[in-house]
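K.L.:
In case it's useful when we look at the structure, here is the feature table from TrEMBL:
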- 15-36: transmembrane segment (TRANSMEM)
- 19-298: domain 'ABC transmembrane type-1' (DOMAIN)
- 56-76: transmembrane segment (TRANSMEM)
- 120-147: transmembrane segment (TRANSMEM)
- 153-174: transmembrane segment (TRANSMEM)
- 238-258: transmembrane segment (TRANSMEM)
- 278-296: transmembrane segment (TRANSMEM)
- 332-567: domain 'ABC transporter' (DOMAIN)
Amino acid sequence: MKLVLHHMNRYKRYIFFNILAVFGFAAAELGIPTIVSDLIDNGISQNDTSYVYHKAIILLVVALLGGLGNIVLAYCSSRASTKIVRDMRNDIFRKSQEFSHTEYNKFGVSSMITRTMNDAFVLMQFLNVIFRTALLTPIMMLISMFMVLKTSVSLSMVIGACIPILILGIYQIAKTSSPISARQQKGMDRLNRISRENLTGVRVIRAFCKDHYESKRFADANEDYAGNAKKLFKLMSVTQPAFFLLLNLGVIVVYVISSRMINVGTLQVGQLVAFQEYMFHAMFSMMMFSTVFMMYPRAAISAKRIQELLDEEPLIQNPENPVMDGDGSTSLVFDHVSFQYPDGEAAVLQDISFEAQVGDTIAFIGSTGSGKSTLINLIPRFYDISTGSIKVDGVDVRKYDLKALREKIGFIPQKALLFSGSIRENIRYGKDTASKNELDHSTQIAEAYDFIQEKPKKYDEKVVEGGGNFSGGQRQRLSISRAIVRKPEIYIFDDSFSALDLRTDAALRKNLKPETKEAITLIVAQRVSSIIDATKIIVMNEGRVVGQGTHKELLKTCPIYREIAESQLSKEELGA
Ligand SMILES: Nc1ncnc2c1ncn2[C@@H]1O[C@H](COP(=O)(O)OP(=O)(O)OP(=O)(O)O)[C@@H](O)[C@H]1O
């Protein structure tokens, strides 16, 4: 409710016309039976042709006004519901951009997609029905009941008997459908997750011949979803015929009673026609209202899921008085940093301290899971540290304006990610205004220039979703170009050379040297040959620094480093 009201505020105009249309439509629909009754009893029965014509014209005008009201009502309802849900989707998207990795892990990407698309769609359908019926049906119901009573109190008893049955039915349906709807929406999350994993992991699935396993996994989830949908459909399919049966039974009873009343002269034919019309309106409005009740549980669950996303406070927030720049230096200091993932059980990093100044290349090496990626993720504040401090240019990263901090950093993640679009758009992701010269320069340094020039459309060559039309090494080089073009103060390469052949790796590192003279370069690497020239190599093991120094120093002082180096380098290289 809060969610809808908040978003409805912006569309008061549609709501206003919606209300006007409701009153216009209701007045017309409820006026028609009285005019018809009058036309029959005082026109047709009295053989008064001019009276019949006169009432027929009034009937036509009222029917046209009713039709117009209905059109305006449909127009305003659909405009308001689609616009409100469009805004909600935009808000969810904006909110999800503020989320830190923690919130992404908490909700799961698939569930976030289901909430943005599926739940929003459910809500849109519900709002459309609400705008059309929420005001109209009670008005129609109350006035119809009043007119029914006015026409004949004894005939009204028939409707009076039907109402408790209807209310009980509506309540029971809402109660039964609510938990099924909740299970269905969760089922949609699961279906989305499995689809997503299948589409992104199609090569692994084929390579491991797991097609059948995955098909079964999907079929089970699909069956579960379909099972819940079937239950809901069954409920709906029984409901409508039951309501119509009740309505028709009422009509039969009315006919039986009214025939006697007409015989004894206590009821006229025109009054009976009007009574029937009003009774139909009353019962039909009640049925429409019951549709709202049946849709409500599912819409409420969808709204709750959307609200959960919108209410989530990102763990990483901009400080109240953010610092926009550092002390003018280019430096990075880790001071006794420890870190535990919000959902983790133990500290992943413990007591990490090191410093880097302008021109330095700091390399991180160590066994898998030793915390290298975690460590570098703390610099752009993807996560906040548990204890200690990280300073960039003399200022604690938690004091910076997030955008200002992240603009200082050129981050090249472990998995090179490209966006659908063109090569140019992908590189300009690093700097919107990058000129042709800047594009050429960054791609030359990243050893991407040659393969781009070989493409028929060069920088305008299309990049498909996930960069699937480029090789792993090409994707890495494009994502390196993207970071270089923004000329950051701190380069972070998270194992970003792993897909490059040794020649390209060496050439790229050589190109980077002059480019990063005025910056700090952090490299997470598995290959010792990639970091042999680093100013400082930090050796990590189980979340701790177990050695710091140059390649030569570490060979002498750090057994773990020596072991890694010996497993990768020849005796000559080790001796060099
Ligand atoms: N989001 C997360 N939540 C909880 N624990 C995590 C999360 N990400 C990583 N970890 C854990 O943190 C530890 C360090 O992981 P990290 O990815 O930093 O290691 P790494 O040294 O970069 O490994 P690799 O060389 O394999 O990339 C691992 O034990 C891992 O299981």
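From the backbone N, Cα and C atoms, a Cβ is placed for every residue, glycine too.
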K.L.:
Cβ under 8 Å to the transmembrane segment (278-296), counting only same-chain residues 6 or more beyond its ends: which ones?
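P.N.:
Residues 29-30, 33, 125-126, 129-130, 133-134, 136-138, 140-141, 144-145, 147-148, 151, 158-159, 162-163, 166, 169-171, 173-174, 177, 235-236, 239-240, 243, 246-247, 250-251, 254 contact the transmembrane segment (278-296) from elsewhere in the chain.
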K.L.:
Do any residues of this chain, six or more beyond the ends of the transmembrane segment (238-258), have a C-beta under 8 angstroms from a C-beta of it, and if so which?
P.N.:
152, 154-155, 158-159, 162, 165-166, 169, 173, 267, 272, 275-276, 279-280, 283-284, 287, 290, 294
K.L.:
Other than its close neighbours in sequence, what residues sit by the transmembrane segment (153-174), given a CB gap under 8 Å and a spacing of at least six beyond its ends?
P.N.:
145, 235, 239, 242-243, 246-247, 250, 253-254, 257-258, 261, 267, 275, 279, 282-283, 286-287, 289-290, 293-294, 296-297
